[in-house]
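Annotated active site, proton acceptor per TrEMBL: H258, in sequence order. TrEMBL lists Y41, Y145, R261 with the feature glyoxylate binding site. Feature annotation from TrEMBL assigns FMN binding site to 94-96, Q143, T171, K234, S256, H258, 289-293, 312-313. What TrEMBL records for 15-360 is domain 'FMN hydroxy acid dehydrogenase'.
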Amino acid sequence: MNGGAVDLTAASTSEALDDIVNVRDFEAAARDRLNRVHYDYFASGAQDEVTVAANEAAFGRRALIPRVLRGPGAPALETTLLGQPASMPVLIAPTAFHRLAWPEAEVATGRAAAAAGVIMIAAMLSTVTVEDIAATGAKLWLQLYVQPDLAFTESLVRRAEAAGCGALVVTVDSPALGRNERGDRNDFHDLPPGMRCANMGGDGHVRDVVLSPEISWRHLDWLRRTTSLPILLKGVLHDADARLAVEHGADGIIVSNHGGRQLDTTPASLDRLPLIADAVAGRVPLLLDGGVRRGTDVAKALALGAQAVAVGRPVLWALAVAGEAGVRRLLELMRGELANAVTLLGAGAPADVTRDQVVP
Ligand SMILES: Cc1cc2nc3c(=O)[nH]c(=O)nc-3n(C[C@H](O)[C@H](O)[C@H](O)COP(=O)(O)O)c2cc1C
Ligand SMILES: O=C(O)C(=O)c1ccccc1
């Protein structure tokens, strides 16, 4: 599309999907369609993008060992996370600004999530309100950057509760914005005219969002007292912080480096997972995101201690290629690959793949 009008006809979207065979195929197709500056916003990471590369490479460095002759039958992919049933242990990670990818924005993503029965974590910085995303019928969680204006933060929590969100995901890896040099070169620092951060007050400018270095465990304690929704902390990489999260009443942890967009040169999230799983010792569910592109990646993460994974950029690429139909196709591909991987591993369910089946 290159910044021009998007062709929304069913024929054009299905044609756009014709050559898509796997999750990675979406990126090249999206790159051809997206405005270059917006492509860079989605694809980029912090500084040298060392961590972006590390996330996918970490999956590549691990090998899978199948078990044989167990006769487990067709794999059951369904799972329950924090009391919520989902059709598979793959969630949509929160990513900002879906309208840069597709006009119907987060509504298209929500419809695809609803059709697939997967949990969508909507970003606080969505370009459609959380109420309008909830109206798609998707199983919805809301991601928050705790704003120092606690009255505003509380109003957003109340909106999430009223909209039927099943959990809050508090992003804790962002006491400041990471240094995004592609964004600097492109001078991309706010949304184009006609797009806004729909959940935020005022004009919904990106510059009005506060990523504050003063946010602390006291804020989490406040949030814990303020809502009975389950709270997950997203962006934990240190095992001591995982223990603190449990002590402060978090209901879940997302092991994540924000897709390599915050502190560059952190390890791959997968490389931190076993240590954090040992620290948490099953007290709360663990999720992982960063570099998940294959069904085998999902199997590896689950074997190393996660209950589920989330995917970020692939959803944006799929949205840019074909809107709701693109994200549906993406989720179908992930489901098919996960079922195949679990079967070939000799397991009856993703959670039955054991730690000894993943080796360096
Ligand atoms: C374009 C983009 C925007 C993002 N926006 C947010 C956000 O608003 N809040 C948040 O917690 N994480 C955000 N993330 C991080 C994702 O939730 C997730 O951690 C990451 O994308 C996972 O890595 P992957 O893209 O390799 O799957 C964003 C990621 C991307 C690529
Ligand atoms: O781009 C991001 O990853 C993100 O989380 C963010 C944070 C603040 C403003 C805009 C995007």
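Backbone N, Cα and C atoms are what each Cβ position is placed from, and that goes for glycine too.
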Those binding-site residues in Y41, A96, S256, R261, G291, R313 whose CB falls under 6 A of ligand 2, listed in sequence order: A96, R261
C-beta crowding around D289 (FMN binding site), within 10 angstroms: 27
Fewest other C-beta atoms within 10 angstroms, as judged across P94, G291, which are the binding-site residues: P94
Binding-site residues near ligand 1 among P94, A96, D289, R293, R313 (Cβ under 6 Å): P94, A96, D289, R313
Number of other Cβ atoms within 10 Å of the Cβ of R313 (FMN binding site) across all protein chains: 21
Among Y41, Y145, R261, the record's glyoxylate binders - longest CA distance, Å: 19
Taken over the domain 'FMN hydroxy acid dehydrogenase' (15-360), the model's mean pLDDT: 98
Shortest C-alpha distance to R293 (FMN binding site) - which of the recorded positions Y145, H258, R261: H258
Nearest recorded site to G291 (FMN binding site) by CA-CA distance, among recorded positions Y41, Y145, H258, R261: H258
Among T171, S256, which are binding-site residues, the residue with the most C-beta atoms within 10 angstroms of its C-beta: S256
